[in-house]
Ligand SMILES: CC(C)(COP(=O)(O)OP(=O)(O)OC[C@H]1O[C@@H](n2cnc3c(N)ncnc32)[C@H](O)[C@@H]1OP(=O)(O)O)[C@@H](O)C(=O)NCCC(=O)NCCS
């Protein structure tokens, strides 16, 4: 053949990754400040007994005013890297799962990557609320096996105290702050089972910010320039504080989680090619102890499987809850290193993701 090679006939090289990916390390960070149910009851008309019975929460951790999600994420990343036996400069990518990074742009991940010394790593945030960490684990596993990364840091981190209305009787007692991190990298045997994930955007209002940021900014600007008080009620909130916080339709979320999430968890077990009796731990999103109990029943899990109940002292930390609960179970010897854990995240979106992982 003579003449120029026509465009588009070149043989494209595809990237080649590791045969298998697995979780190599895990770490967690809980802020120092303990917020007891009694303290919560100074903000809302409630009781320690009611909060314990309805949610299983005894106390939660709230970050200090100055502490950012990047600060907390860095604290969680350090022990995860140490357990994985790698240094930050070996990371090809950093994924931050969060809904409480308070800047629309830039993402938190590049700041975190620089902070921990993961120079030049690809770094981006994902927004899948309480399902964010399991989404991140799935992405990282695919990146390692697809060849776009060797080691990936996945961090679930939240400062929900920033977007909690302390006066809201329907949510003030539930949300908390913290960070959990996992290092995903190449392994000799399968370490992360197939992810079963999905969403139901029809129920987006079940957990959402009350008023979009742009509307809040516009109203505040209008107030500042005209001197007229902003009509927050027309915007869907009683004042600026309520406008910028979360609203939650508790019962809608409760019913959805109880009825729809057990089948997803069951599919993740089957997709991994195991049965419930092979599991060493069940680590559901720490949304609410009653949701966890209902899922155990529906899944018919063997009575002796250790179940994460970190919510009792950590509260609901959204994207951070699964890695924090896993870190605690490993640290306290409740599950063995190398054991199999079923993890499932679910929440705002509504979004969900589940997979079976071999613990580091
Ligand atoms: C939030 C939640 C604990 C509220 O419990 P609930 O039973 O649905 O509460 P309801 O709003 O139906 O109210 C039931 C009763 O408790 C009372 N109540 C509501 N909030 C209360 C509070 N903070 N303290 C004390 N009593 C309260 C109500 O007044 C009502 O009283 P009544 O029966 O005398 O009228 C529950 O809906 C829940 O756990 N939802 C899931 C939330 C979740 O997991 N979110 C995270 C998802 S990621």
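Yeah, the Cβs are placed from backbone N, Cα and C, and that goes for glycine too.
What you are looking at is a predicted structure, and each value in this text was computed from that prediction instead of being measured.
Taken from TrEMBL as is:
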type	residues	note
ACT_SITE	130	active site
ACT_SITE	285	active site
ACT_SITE	316	active site
DOMAIN	124-201	domain 'Beta-ketoacyl-[acyl-carrier-protein] synthase III N-terminal'
DOMAIN	270-358	domain 'Beta-ketoacyl-[acyl-carrier-protein] synthase III C-terminal'
REGION	286-290	region 'ACP-binding'
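Its Cβ placed at the centre, residue 316 (active site) has 23 other Cβ atoms within 10 Å. Annotated pair residue 316 (active site) and residue 285 (active site), C-alpha to C-alpha distance, rounded: 8 Å. When Cβ atoms from all protein chains are considered, those within 10 Å of residue 285 (active site) total 34, not counting its own. Classification of residue 316 (active site) by DSSP places it within a strand. Across all of the domain 'Beta-ketoacyl-[acyl-carrier-protein] synthase III C-terminal' (270-358), the predicted model scores a mean pLDDT of 96.
Residue 285 (active site) carries neither a helix nor a strand DSSP state and counts as coil. A simple way to gauge crowding: the CB of residue 130 (active site) has 33 other CB atoms within 10 angstroms, across all the protein chains here.
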